[in-house]
Structure formats: C-alpha cells, structure tokens
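Asks: Straight from Swiss-Prot, here's the annotation block:
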BINDING   D57, H59, D85  Mn(2+) 1 binding site
BINDING   D85, N117, H167, H241  Mn(2+) 2 binding site
ACT_SITE  H118  active site, proton donor
MOD_RES   L309  leucine methyl ester
Amino acid sequence: MSVSGKIGEVDRWIEQLSRCEPLSEEDVIQMCDLAKEVLSVESNVQSVRCPVTVCGDIHGQFHDLMELFNIGGPSPDTNYLFMGDYVDRGYHSVETVSLLIAFKIRYPQRITILRGNHESRQITQVYGFYDECLRKYGNANVWQYFTDLFDYLPLTALIEDRIFCLHGGLSPSIDTLDHVRILDRVQEVPHEGPICDLLWSDPDDRPGWGISPRGAGYTFGPDIAEAFNHNNGLDLIARAHQLVMEGYNWTTNHNVVTIFSAPNYCYRCGNQAAIMGIDDHINYAFIQYDTAPRKEELHVTRRTPDYFL
C-alpha cells in the first residue's frame, strides 16, 4: 500500500479527526498499515532537524492538543516532536492518537512521534484506552491495530546531534546512542531491560542509579546524566513522563528538562502545560499554556475516574 496514492484520503481523515470525530474501523486499519510503512524505516534514534517544537504527554486530552497546535502553530507549518503518552486517562485517546498518526503519514518529515510507556498493550488495558476502543467501536479490533502499530514507534530522537529526546530516561544498560540504535524495538514494552528503562526511568536529585518507585525503570542522578551527555556529545536531555506543575522543569544542573503537555491533567490537577520551541540556531524557549475552554465538557471533572496519578 503506497502512501503517495492515499494523500486525498489521509487529508479527509485529518479533517474528520480535527473535529474530534473518530474514524471508521476500516479507516483505522488502513491508517495503521500506512503508518507502519512510514515508521518501520525510522531509526531507534530518529534524527530531527531544527526548527522544531518538542512536546510531552498528551494523554487523550484532545481539546488541549488542539490548543497546543493553536499556540505552537498548525502542522505542517510547525515541525513537531512528540515524546509519547498519547493515550489513556483522557476521554479522547482514540481521536488524539489517530490525528497524530494521520499527520505522521501525511507529513513524515514534519512530525516525529516517539513511544511512551502508555503505548503498550498491558498499560492501555488498565488506564482507559482499551475500554475507550470497546466503547467507541464495539470490539477490541481497533485497540489491537493501534497497539500493534505502537511497536513500530521510534524510542528516541536526536535533534541536530545535540538534544536527546525520549519519553522516560536513561538506562544502566545504555552508555552510548549506538547502544540504543541496535535494539530490536518491534515488540511489546518489556518489564525490564533497556527498552523498558528508556520509557519508564526518571531523573532524581540523588546521585547514581536508584530503584524506581514506579516498579519499572530506574532513577538516575545528575552525575549519570552529565556523564551520558558528555560521552555522547549532547547539550541536553529532553523528556516527558512526569507531571510538572508549570509544564516544564529543569534538574538542578540543567542537563535534563521534563516537558509535560497535558494541562489540568486528568481534568483536575490544575497544572499548566508547556512545549519547547527550538529555533534554527538551537536556542530554545518554553511556551506555557492552560487548558482549552470547552463548554460541552464543563461537567467533566465530576465524573473523572479516580485514577492513581
């Protein structure tokens, strides 16, 4: 199936999804097949050029994704790099992940979508995406197509050989970017090992490696990040994965930044969101924003499931 012969169809999908209307099951099947073609040729360390806008977790908050495009600029006018966690917890995971995948098919050089720890079969069965697919499609087929596609998402990206981007964090199994490049990523997120760590680990103020309270991945100290950046010629690690109240947060010695792009997370956390714009000269600036106003969902907070945050 060739992407070039399907441009008109992909444009129709984008138009429909931009109205927060889910695609038919048949369209989802076709879209996932096309996306596999595009993603399968990308590297585990996908090379990205400036200018680009870097984004963190979205978690099915579709209207806030629309606000992100409103603030950062529409695709494909702005180049985007999303660092995972498109699904679960929000009410519109199907529409959110579908739109980002459709953009990826239509503008493969303009948008990069990485894998987060929620782009997994096991996690989505617990935190909402599986149930949402059942509710919207009446069966689990669409969930199956999406989660099969998630196996193809790149694990990390490298902006101008200087800024390393990934969902979670570092791994004691990985010293160099070449160690990431040789991983076989086309699989369910494992319970342990380097792929798991890249999607689950968190920076910490304490030096060295630590046991993660999440039960997967590790915590890594400023010394670990400093050594990794030095060994790989990097200026900075940009990652997502953690709720930060102002939308972005630096580690103490400014070598790791966390970016979180789901404002008022779970429709009740009251946090700001942020995106990081990087210009042609690799200067970066953060844009913070609040949740998008939406009249039709004012009742939403009263029926938010009591997820563990």
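Here the Cβ of each residue, glycine as well, is placed from N, Cα and C on the backbone.
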Asks: Could you tell me the C-alpha distance between H59 (Mn(2+) 1 binding site) and H241 (Mn(2+) 2 binding site) in angstrom, no decimals?
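Replies: Here the two Cα atoms are 11 Å apart.
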Asks: Using DSSP with the three-state reduction, classify D57 (Mn(2+) 1 binding site) as helix, strand or coil.
Replies: strand
Asks: Within the chain of D85 (Mn(2+) 1 binding site), which residues six or more apart in sequence place their C-beta under 8 angstroms from its C-beta?
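Replies: In sequence order, the residues whose Cβ lies under 8 Å from that of D85 (Mn(2+) 1 binding site) (at least 6 apart) are G56, D57, I58, H59, G116, N117, H118, E119, H167, A240, H241.
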Asks: Using DSSP reduced to three states, classify H241 (Mn(2+) 2 binding site) as helix, strand or coil.
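Replies: Once the DSSP labels are grouped into three classes, H241 (Mn(2+) 2 binding site) ends up as coil.
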Asks: Let me know how many other Cβ atoms fall within 10 Å of the Cβ of D57 (Mn(2+) 1 binding site).
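Replies: Summing over all protein chains shown, D57 (Mn(2+) 1 binding site) has 29 other Cβ atoms within 10 Å.
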Asks: Taking 8 Å from the centroid of the Cβ atoms of D57, H59, D85 as the cut-off, which other residues in that chain fall inside it around the Mn(2+) 1 site?
Replies: G56, I58, G60, G84, Y86, V87, D88, R89, G116, H118, A240, F260, S261, A262
Asks: Most Cβ neighbours within 10 Å: which of the recorded positions H118, H167 is it?
Replies: H118
Asks: Given the recorded Mn(2+) 2 site (D85, N117, H167, H241), which additional residues of the same chain have their Cβ within 8 Å of the Cβ centre, ordered by sequence?
Replies: D57, M83, G84, G116, H118, G168, L199, W200, A240
